[in-house]
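Straight from TrEMBL, the features:
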type     : residues                               : note
REGION   : B:1-169                                : region 'CPSase'
DOMAIN   : B:2-132                                : domain 'Carbamoyl-phosphate synthase small subunit N-terminal'
BINDING  : B:GLY218, B:GLY220, B:LEU247, B:PHE291 : L-glutamine binding site
ACT_SITE : B:ASP333                               : active site
Amino acid sequence: MDNEIQKILIIGGGPTEIGHETELDAATLQMIQAFQKLGIRTLLIDNNPFSVALERVQPTNMFIQTVTTENVQRIIEKEHPDAILPTVGGVLAISVVQELQESGVLSDNGVRLLGIPSESMVDVNNPDRINDVLRQIGAPVISSETVGTLDEAVSVATKIGYPVIVKPVAPKLDTNRILCDNENDLINAVTQGFAWSRFSQCLIEQSIVGYKEIEMVAIRDFTGTQVLISSLENIDPIGIHSGDSMVVVPTQTLSNTEYQQLRDMTFAINNKFNFTGVSHIHFALDAQKETFYVTKVTPYNDRGTALAAVATGYPIATVAANLYLNLKLTEIRLPEIYHFRQTAMMEPTVDHVVVRIPIWPFEDVPNADQHLSTVMRSVGSTIGIGRSAEEAILKALRSSQFSPKDELPSMSNLSDSQIISRLIHPLASHILVLLEALRRGYQVDELNELTKVDPFYFYKLRHILDIEDEIKANPMGAKALKDGRYYGFGDGMIARLWRTDIDNVRQLGRDHDVVPTYKGIEPTAAEFLTEATGYYSTFEFENESNRLSDHSALILGRGGNQLGPNASADYFTTSMLRQLRKSGYKTIIMNTNPNAASLVATLTDKQYVDPIQLGDVLNVIEIERPEIIFVPGNRHYLTRELRRRHLHIAVLPPDQEKRSELVNNYAQIGLDLFITKDHIVPIVISDLRSDQGMATTFDQITVMKTPASIDDTQLDKILQHATDYLMNDPRTGLVQMLYTIDHRQPVFAGVRPSRLTTIAFLNKVTGINWVRMLIRQALGEIDEDLISNLPLDIHSDRVAIMRGTFPFKQLQLPSQLGLTTQEVGGRIAFGSNTKTIVDDEADETE
Amino acid sequence: MTQRFLILEDGSSYPGEGFGAGATTTGELVFNTSMLGYQEIVTNQIYHNQIIVFSQPTIGSIGITHDSYESILPTAKGMVVRDVSDISKNRQRSLSLDQFLKQHNIPGISGIDTRHLIRQIQKNGTMKGSIVDVDDDHAFDQLHATVLTNQQVAQVATPVPYPNPNSGYNVVVVDFGLKHGILRQLSRRKCNVTVLPWNTDAQSIISLDPDGVILSTGPGSPLDLPESVLEMIRTIQERIPLFAIGLGHELFALANGAEVTALPVAHHGASHPIRKIITNEIIYALEGQEFVVDGESVDRDRLITTYRDLIDSSIQGLRHRDYPAFSVQFFPDGAPGPNDSVDLFDEFIEIMGTREELHG
């Protein structure tokens, strides 16, 4: 190990946005845990209020600041870290570190780069430079040229021939490849691309739309030893951004020869650039000509590495942290929970199929262009794990096309011409159209021709339809139930096809011994008889999951990210997990979001990756018999059904909609309080605003700033009113009292449960984790002592601002007033200690 | 689809759906953890007499292709899988896995909890099993009564010599049930190959004046082969560069005084790291072995250990101290599996070159 490194500065991922969600924070969290275990002091800069990782560093090591070159430089000069880690903060971190390297800040301060050597750092995210290096090792790359002016762009595109792809060189943010069919498209794309590029340059390359997109995730130690962790196959062809594509792990349609070529090339690329830690290489495969191209080299953590880790059960981020410190793969012991016989040196092999399906934000942002293209538009994703492609696809669909009763939406209202048009120009939820086309008798070859999706997947989808027909034709048939469950149909789906109650379906299953069997998610395909901590269900012979404990808590996650609560929901869940452990419970999480921090194996005692639907939840409950079940507040049907079965449940995170009582349609001031049976505790009082000034509706309130711009008299009046009001109100937990100011007088505007985003704000401002307080309340652990010792000061003059962030730019929409339902992430900033009102914008370092 | 059963020696029976041939079959159950290459696996002659349990749950997804045969006439006894697809992707779109198995009279059964089976085999060791239409007492009686031949090499190796002409080094491959990957690698290096039956004596090999000799992979126990094979190896290694793979490696070890023992559980897969001792480099390769060279028994005056499996510490490679002869337990040709050790064929070419310089 490299003993010269005692202090590491990690560049965090910043606010969640399209392109990266919680996976960066989850990776950061694992890195921090690994570094701390090695006795290394870890500093973290991030302004994401929903960061789980930020809570794992000491306050003195925590820099809640925007990730900018200036801020990072300031920290370097003050703290003198031995090394800087640019590989968990996405594209932004890479670009900031590149600038620090170019300006000599890193070398002047003797700060070493981890993961990516300085000589390769200049190439990262610079496709032209990358291609030059790739050509040196004989890697096939697409013909391309870098341009700096519109004229150059037009002449290069004419030379290469349309369609072409435009990529900004060294982008400042997570941008996309833009497909251009003609000169008009090209001019728009290049103009935009110049603005995104740090060098005002774009790369114009030959289009390979329609090729198969394959990704490889590998890790490498400083001696050059490598492990291929996983292959990922995009079901949708090139032309649809890999973040918007359905992805299957491991590859299903490659021959051994094709696969080994890509594995060899991955290793050769990592050797050439001398990367250590994790790397993620994209390939385009021309199935007809049996040739391939290298399309993207990503030597850092991203959604692909997160999926590879969840799919294989191999702790990539933890191992990578050790590799950065020049430990060899053979020297790295895996965390206890993995029970590996040996070291990190083992190539994962899995005996299940994982499918990831994206979630798009179009319901909340209806004016966005909904066509799937080279520009990523999804905001989250869910995975399904099964022992057949059908089972994995259906499970992923049941989570991504979420419906409370677990029924899949139908596309039967589309006309034939709409179907054709959507086959050629895919929209969100493409897979439902593929299913509908098969239902209408389209042939596999014809569909393959139109969509470039491998025939294998159409055979699998057709099989799903065959099973559906069998279920329909055999109401309450035991064999139909067995086949349905075996291939991934949910109890809700089957109940609907039979027009019966889910209880009848479940009883039929019990009567005929069609019961779930859980299989371990582990990287050896059962070669080693180890006890896994992660499980998924299937309907086979052997069940590997037994009751964990007679003192366990089951926590139902929020599933895939969507606009609105998004990252804050997963932050809430992980806080719950921590407190439950502290309170002595064995914790069991059920979740389907591969990017969720709450699925990081070290945070819970057991993980189930299965749809969070009534049937699947009951199945887990029957095995685990938990003492208490935590159900998210937005799951009304599930809550009702679990209550009806007399299960001990607690509704957390609290319901955001149902329990509001609003007497006005906007508010300017919010007072958040914690209410127990005997106490009403004011926490923080804040100004409430929209991101463009005053909010005129509640759903425009996306900015919070404390202290509120009111005087002490007004504050006292509000505190008095709130106490009086809540004294006679049955609410407990965290609530927000809302006020307007009319002629200097506070006027009551309503009361609502504190929003998830607000709770994160309260945590950061007070240094008390209120989620954990809610859990302790649910467990009856709140007492007089605890309440009276809370270090709270409602009169504090420390300035803090939290703003919601919105995906409009990435959805290529003009700037617009953001609503709470459109929040993709958030950012937080702390200001001076004076009670002067700091101008919002002056506080922002951007 | 017809219901069939996989029955095992321990009395258990698993219902599933038949595919491939409808015959009743009996063999030793072995599992393979490779994630790709079902065609290469089922056509590998090391599976003679065996029913292969695939850990990869989706099998058949790319049909049968011309460049993935490890033998033309496969002799595996059966395939046990979780899920099988009836897909054909070759140019005629005419050959799915199901049709291929029918052609070669190999039964398959799908819908089996293969993960469970693998865990059972790990716990209880290798078992015999049958794929049958009815799982009655008669079927179990038949299963128990079946004695599997130990003359496996004779069953699968070529009975007559055949050439694979090219313009380079003159290489003799002694066929114990060879996988075609070896021939492909030699072709790629322009070797002029003659494949000879397993029981060819040393003199007949020498009279072909080869630059090098390869002892091929093959099925079964090296201990079931006659002493004459070991004599052939001892004679050849003194005179001609020798490269032995798989069963060939086990025979090479035996010929040089080492002992070979049966593993409690056969190991088939490519997920074990293997250390190349001389460079400390770590590679992955397809392993497929039921036997292992006993480390204690290796005479260090004669043999040097060159490769070792990092998971189970088994010897994976040997080299003779005095002669240009070396061997590996794993399959350096991949097919299916990593190409990390394909340079062993280059090393063999190099050794033949050195010898030519000395003698030429």
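For all residues, glycine too, the Cβ spot is worked out from N, Cα and C.
Annotated features, which come from TrEMBL, shown on the structure.
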{"residue": "B:GLY218", "record": "L-glutamine binding site", "Cβ neighbours (10 Å)": "28"}
{"residue": "B:GLY220", "record": "L-glutamine binding site", "Cβ neighbours (10 Å)": "26"}
{"residue": "B:LEU247", "record": "L-glutamine binding site", "Cβ neighbours (10 Å)": "31"}
{"residue": "B:PHE291", "record": "L-glutamine binding site", "Cβ neighbours (10 Å)": "22"}
{"residue": "B:ASP333", "record": "active site", "Cβ neighbours (10 Å)": "26"}
Additional residues surrounding L-glutamine, by Cβ distance to the B:GLY218, B:GLY220, B:LEU247, B:PHE291 centre under 8 Å: B:ILE46, B:GLN152, B:VAL153, B:PHE176, B:GLY177, B:THR217, B:PRO219, B:SER221, B:PRO222, B:GLY246, B:GLU250, B:GLU290
B:PHE291 (L-glutamine binding site): secondary structure state under DSSP, collapsed to three categories: strand
Distance in Å spanning the most remote Cα pair of B:GLY218, B:GLY220, B:LEU247, B:PHE291, given for L-glutamine: 12
B:LEU247 (L-glutamine binding site) and B:ASP333 (active site), Cα-Cα, nearest whole angstrom: 15
Number of helical, extended and coil residues in the domain 'Carbamoyl-phosphate synthase small subunit N-terminal' (B:2-132), per DSSP: 29 helix, 47 strand, 55 coil
